[in-house]
């Protein structure tokens, strides 16, 4: 994180991944390239999209945008006339000018406060479309983007902040420059006057007193710094963004509906796992459906009803682990005043669930909070899973519960080196070195829970393990860990047959690193790094399969050599 490009990319993630308060702004962002390089038709498409959402815009702005569209709708008629081009450009320029003057004077009707908070007059254009390199359409596109773009830091606020916040006793500003892809933030470069943590705390308090709840202040490593800070550690800078730009948006109704549907599907996949665990009791047509990979048509569901009751304990165990995992996240986030989204559970037939996607709905205060909250979930789920796994192994040797035991192929224990060795040490050579093994359903629930926790602790992307590695070792280390993880998953070294679906899931849903913290500089300490290193080592042992030679020597399953 030592370059400006890295910071710009990180904070652009805040902007473009967060749900924006206005769909028109989001539409403009996603089409900003086509607006600059496209034709008048692109502007007409954007204006029609704006007109379609008429209810979100005041009558004053709606009239101006209608005028813009009218200009470009007649573009073909005026294509050969320089006078027509001047009319188009002057019309949009007049609209933007009137908008600025009216906002400065306080007159007129403002945009909906929910959609466009703040003042448009505070926006400073980050691109100056002047010169022969830009045609009239591009100039007007820049102006239209300026009208719909993100809320920028007010220049007057920057002046006030420099006078009242920064100084000889805190941070002496030597230079300031735009921050972010669209220049929506300000980066203050300078020199620290005392300890960075004390300066940051003091600046945050003063910013709240001077500006209220208007801006977020970030302490980041100075981009392109020539050396470390004389007081030790990297040189730091301070960046400032408006809250509505930098903070995630609220959870929508549709997100609640999707979360509920995914949870119901996860319940179904957990029950199906419980039914599949009774493979030795199922009718032949149902057993073939669960064991034959070529079986496509499901059997008669009425044949499964007698096995639902006996499948519920295993389903409860799998769901309990996932819920315990999420409770761990929320309990760790609560004292740090970090808001989390509702969990989006991912159903999976093999494990019952792949876990859940839980997003941060507020900016994290520092790297320690990121590591603690990220580790709390997997650790909570792993503790419950390991307890069920050990208790299930002990019950598997108890003749009093023989009626509750289920038969599973012994080769399943070769799926994990760590869990296979624990099972072999508990059940013994005779029980494990056979075609099938009689185990309690708690063993299956604990095994699935530990496997899911291990998958979520892989150091890649926005998984719990990826967030923890990013907070403890930095973003560059996360890139290296991620490349190694993707390679091992692609080769099938980790996770066995589940490596490919899990790798695709991460690439599609969880590949992006977590957003920066308010204090993105202070390190987490050696003991957090040590705990994380041990956890990653146990994750590798859990997901590493037992190779045939070791399995044959230890007596874990029957190994057939051709």
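Cβ coordinates are placed from backbone N, Cα and C, and glycine is handled just like the others.
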(Q) Of the ranges 230-252, 253-275, 276-298, which one does TrEMBL flag as transmembrane segment? (A) 253-275
**Q.** Long-range environment of the transmembrane segment (439-458) - Cβ separation under 8 angstroms, sequence gap at least 6
**A.** 273-274, 277, 313-314, 317-318, 320-322, 325, 351-355, 377-378, 381-382, 384-393, 395-396, 401, 404-406, 408, 415-416, 419, 423, 427, 464-466, 468, 485, 494-495, 498, 502, 506, 535-536, 538-539, 542-543
Q. Over the domain 'Peptidase M50' (315-474), what is the model's mean pLDDT?
A. 89
